[in-house]
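According to Swiss-Prot, the protein has these features:
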BINDING   Met45, Gly194  substrate binding site
BINDING   Arg121, Thr167  ATP binding site
Amino acid sequence: MNMEDAARGIELVRKQKPLVHNMTNNVVTNFTANGLLALGASPVMAYAREEAADMAKIAGALVLNIGTLSRESVEAMIIAGKSANEHGVPVIFDPVGAGATPFRTESAQAIMRKVKVSAVRGNAAEIANTLGEDWLIKGVDAGEESGDRTELAKKAAKLWDTAVIITGAEDVITDGTKTYTVGNGHQLLTKVTGTGCLFTSVIGAFCAVEKDVCRAAVSAAAFYGTAAELAAAKTESRGPGSFQIEFLNQLAAVEAMDIKERGRIREVE
């Protein structure tokens, strides 16, 4: 995948303005909606099980996020996911905090069993625990890493037959056959709640306009990381509050040329 391909994703999103159905958590709903609007997508936040299936079938992508889960919300997500599957809508799953509690882990695993997911995005601990492997987790954040993230991503992608995105200082993205790392981003992303969840929804927007899910995820990661770098360059001395606002500005401002110039994408074996 070359830089030209990676840069094309944001142009397609802005041209097509895909509807992204987010069943996300109540900590990040506003930030996620604003982020998607900034980059050019059309977000909808619909959680009720009574309309979950109907909304999912008309969306360009469905994003499931268990950050503030309940039994009822998981049931609604599964209903929406099955509807998306029936209508050819890509499903992006964020198993937030999988491994932190048995209920959270079991819920993540239930969604993976009952819904055909196109891509899973999480930190190494979340992916490992959803897979059924032990990996240290602290709250909903990854603990000290003790394994090979690339091999973990490949294993998960092959077992689930889906694209896997493991985020960190360097993102690992694989469909089990092709594997990439994306080195764009900034540590200030870790100081603003919801940036990981928004990234999952951004992947959803890119998957809505690009059928190759792995390609879409790489393109989304390069775009998202570039926006973070440019926002940090303008606000780093002022802290995370200023960064958060400027990051939304950069999601709207980053162009394909910025990604071509700054993108750090590498294919690995």
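Numbers run from 1 along the shown chain.
Including glycine, each Cβ sits where the backbone N, Cα and C put it.
Locations of recorded Swiss-Prot features on the structure.
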{"residue": "Met45", "record": "substrate binding site", "CB count, 10 Å": "17"}
{"residue": "Arg121", "record": "ATP binding site", "CB count, 10 Å": "31"}
{"residue": "Thr167", "record": "ATP binding site", "CB count, 10 Å": "26"}
{"residue": "Gly194", "record": "substrate binding site", "CB count, 10 Å": "20"}
Looking only at C-alpha atoms, tell me how far Gly194 (substrate binding site) is from Arg121 (ATP binding site), rounded to the nearest Å.
13
Inter-residue C-alpha distance, Thr167 (ATP binding site) and Met45 (substrate binding site) (nearest angstrom):
24
Met45 (substrate binding site) to Arg121 (ATP binding site): how many Å between their Cα atoms?
19
